[in-house]
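If you look up TrEMBL, you'll see 26-476 marked as domain 'Major facilitator superfamily (MFS) profile'. The transmembrane segment annotation in TrEMBL covers 74-95, 107-128, 134-154, 166-185, 197-218, 291-313, 325-347, 354-374, 386-410, 422-443, 449-470. Residues or ranges marked as region 'Disordered' in TrEMBL: 514-533.
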Amino acid sequence: MSSTGKKEAEERSNPAGSARTLSLTVCSAAIGGTFQYGYNISIINAPTIYIQNFINDTYMERWKTVLDTPQVTLVWTLIVSAFSLGGLLGALLAGPMAVRFGRKASLLLNNSFLLVGAVVVLTCKVAKSFEMIILARFLVGINSGVSMNIQPMYFGESAPKHLRGAVAFSSAVFTAFGIFLGQVVGLTELLGSEPLWPYLLASNALPALIQLATLPWFPESPRYLLIDRGDREACVHALGRLRGGQVPPLEMEEMLQEQQMSAALKSSSSAPAKTPWSLFKDRDLRFQLRTVMTASSAMMLCGNDSIYFYASYIFMEAGIPPEKIQYITIGTGASEFTASILSNLMIEWVGRRYLLIGGYSLMACWTVVFTIALTLQSQGVAGMAYLSMACVFAYILSFGLGPAGVTGILPAEIFDQTARPAAYMVAGSLMWISLFLVGMLFPFIVNGLGNYCFLPFLVVCLVSAVVLGLTMPETKGKTLAQITAEFDRKNGRVMQVEEPEQYQLGKASSFTTLTESDHKTDHKTSRKSTNGTEVLGYI
């Protein structure tokens, strides 16, 4: 075995302690993060009729006249769309928050939006104001927009290389779990009844309180501490906690190299971190940015979230009896949750690229079958209603197996520390704009295309699979330098990249001894990175 292989084996030699702290960190961050996104998408479906009645009753009490059905639908659309608009604002806030406050502190501060929204929605009946529901959903959207960007960044920077994909993919697992749990809580037997719908919409405060009570006990992102704040001692301490008391030398060395390169970039620029505009102007990153933009837009434009916003409508069109719809809707959440767990287990084996391309390819196939089933159903062919329902489940499963989780990982893996927050801002903004457009347009697509309403999503899935297949390299188990070189080769840029030298780092040391060594004389070796910057290795 090579010396590099031995060091990597040593870095994995304490799995129990490392896995325990890392797993608890993931759970604490995700329960108030991407879990909230999934939960808040699904809980709005159950009280649709009750909220629409509340809108009409409130308007009648104010103006002594009732709203027409189109007017009620318009207000309801504003309530649904406020979540997406808030998410867009949250995505724009996420980058500056992550840089200024750090990953962990930003997630903690983010709960303030959600808790205020919970108070607002709880008091809307007393105040007799449906406008307060719009405000509450907007605030909840901000919370989701921030967490959807910062949480994958936090996970990607905290996980070891061999677990980076699985840890980052857990964001998708918690999103799917949030969707499933929101559907369960929204049953009429629980909080989905007419008197309790404000409590259903405010129930998202409980996960926020759980995160506020638990996340402060876990470490900040080591990369943020070292590269953004320049605090090596805090970085070593955080990394040691996340690795079960051991600081892996190769991982520390890689972070030091990235710190040196980031310092070189900062010295040549007045900006400490890239902005979205500077990211667009950087020709060296245009292929990475194009990949992230394609994947982020496709994730929402593929129509998967339309199923959750309009799940009842889709099943009614498929011929499912109304009294069974709420239970079948729970099955959609369970399907994505199951698929996300399977994908989490597969991602380090199959790789990101094949899961992403395969997911969109399967979704395209199911769209064709679904369209045929709806067409035959309208012609009275027996059994087509249940085939249509099966296609919806298959579509959600295919989405959960690939695009749901891989998309959020990409900015963390293919951009460096200075560009990563801006990349997440761009990706998050495109995701929320796309979600808003689909949420607004899908009812009109259904009315205009009827049985062919999923054909636009077929086009999105096919184009996404082809474009990503041609431009995106595999990122599994690779360093940032290797991924950048792969992008250059795949997109026709031939660059001379030096292979990293073998470092004789000795055995993995505990974080206490490594911290102590900082007070002694460091023995250093140097080499030239691919851009000519001198980077240091500690032996």
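Each residue, glycine too, has its Cβ placed from N, Cα and C.
Outside the transmembrane segment (74-95) by six or more residues, the chain places 40-41, 44, 48, 51-52, 55, 67, 106, 110, 113, 130, 133-135, 137-150, 276, 309, 421-422, 424-425, 427-429, 431-433, 435-436, 439-440, 443 with a CB less than 8 A from a CB of the stretch. Remark: the transmembrane segment (134-154) makes no contact with the transmembrane segment (325-347), by the rule of 3 or more CB pairs under 8 A.
Among the stretches 166-185, 197-218, 422-443, 449-470, the one making the largest number of Cβ pairs under 8 Å with the transmembrane segment (107-128) is 197-218. In summary, the transmembrane segment (354-374) does not lie against the transmembrane segment (422-443): fewer than three C-beta pairs, each 6 or more positions apart in sequence, are under 8 Å. Among residues of the same chain six or more beyond the transmembrane segment (325-347), those with a C-beta under 8 A of the stretch's C-beta atoms are 42, 45-46, 165-166, 169-170, 172-173, 175-177, 179-184, 186-188, 192, 307-308, 311-312, 315-316, 355, 389, 392-393, 396-402, 404-406, 476. Sequence-distant contacts of the transmembrane segment (386-410) (same chain, six or more residues past either end, CB-CB distance under 8 Å): 34, 148, 152, 156, 164-165, 168-169, 171-173, 175-176, 291-292, 295-296, 298-299, 302, 304, 307, 314-315, 317-320, 328, 331-332, 335-340, 342-344, 346-347, 352, 355-360, 362-363, 366-367, 369-370, 373-374, 377, 427, 475.
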